Amino acid sequence: MLGVSLGARLLRGVGGRRGQFGARGVSEGSAAMAAGESMAQRMVWVDLEMTGLDIEKDQIIEMACLITDSDLNILAEGPNLIIKQPDELLDSMSDWCKEHHGKSGLTKAVKESTVTLQQAEYEFLSFVRQQTPPGLCPLAGNSVHADKKFLDKHMPQFMKHLHYRIIDVSTVKELCRRWYPEDYEFAPKKAASHRALDDISESIKELQFYRNNIFKKKTDEKKRKIIENGENEKPVS
């Protein structure tokens with residue numbers, strides 16, 4: 001409904017001058033409406049690396065963002081920023097974070113970064129404003145509910161631009177693991193680099209796998225039934 005409203009607003013803007021532009025105005029309006037509806041179907045893929053999962057004390061140290069269409073084709077690659085945090089916070093990270101962020105080179109990169117949290121939010125907000133209409137496109141990612149908590153707190157303007165719903169690949173993963181265990185065995189394995197852009201790319205590939213190998217079965221079955229029913233129906237003379 002929201003996507004249609006966006007397209008309708010675009011259509012009214014062009015179609016309202018119908019007397020001046022005639023059929024061309026209607027055609028342009030239809031194209032604008034279709035474009036608006038298409039943009040409303042986009043997904044905003046985000047991954048964060050944090051100093052931990054405690055929302056009260058931990059902070060974002062890396063963020064990346066990609067935009068896909070509803071078919072999971074990547075349309076735009078956004079910023080991939082490393083955010084400056086005080087050494088005291090890095091020194092107080094858990095052993096797990098120290099090991100993995102140290103091994104990936106992220107800890108060193110955070111110490112060398114000059115990008116503030118406010119600057120990062122501005123960059124990401126500018127990017128999603130160019131790529132998506134306000135309030136219509138959901139946040140997507142793996143266990144993205146955890147990222148959302150930090151974004152709600154530290155990047156509220158960025159989150160305000162997105163739809164309130166999320167697309168969490170980890171939910172799909174857990175359902176497929178329970179309902180289609182034989183297919184799930186072939187799901188792509190994660191490299192676990194614990195870097196933001198790599199993690200997003202892996203999440204998109206994982207959801208593509210579920211769509212092509214699990215959701216597709218039901219879609220093909222439905223198409224087959226429609227075709228069979230259509231072929232069985234005889235035209236009325």
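Note that Cβ sites are derived from N, Cα and C of the backbone, with glycine treated the same way.
As annotated by Swiss-Prot, active site applies to H194. The number of other Cβ atoms within 10 Å of the Cβ belonging to H194 (active site), over all protein chains shown, comes to 19.
Residues or ranges marked as Mg(2+) 2 binding site in Swiss-Prot: D47, D147. Neighbour density for D147 (Mg(2+) 2 binding site): within 10 A of its CB lie 22 other CB atoms from the protein chains shown.
Classification of S92 (phosphoserine) by DSSP places it in coil, neither helical nor stranded. Neighbour density for S92 (phosphoserine): within 10 A of its CB lie 14 other CB atoms from the protein chains shown. The phosphoserine feature in Swiss-Prot is assigned to S92.
Summarising the annotation, Swiss-Prot assigns phosphotyrosine to Y122 and lists similarity to another entry as the type of evidence. Sequence-distant neighbours of Y122 (phosphotyrosine) (same chain, 6+ residues apart, CB-CB distance under 8 A): none.
Positions annotated as N6-acetyllysine by Swiss-Prot: K173. Neighbour density for K173 (N6-acetyllysine): within 10 A of its CB lie 19 other CB atoms from the protein chains shown.
Look at Swiss-Prot and you will find 1-25 tagged as transit peptide.
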_Considering Cα atoms only, can you say which of S92, K173, H194 is the nearest neighbour of D47 (Mg(2+) 2 binding site) among these recorded positions?_
H194
_Suppose we draw a 10 Å sphere around the Cβ of D47 (Mg(2+) 2 binding site). How many other Cβ atoms does it contain, all chains included?_
26
_Separation of alpha carbons, K173 (N6-acetyllysine) and D147 (Mg(2+) 2 binding site) (Å)_ = 17
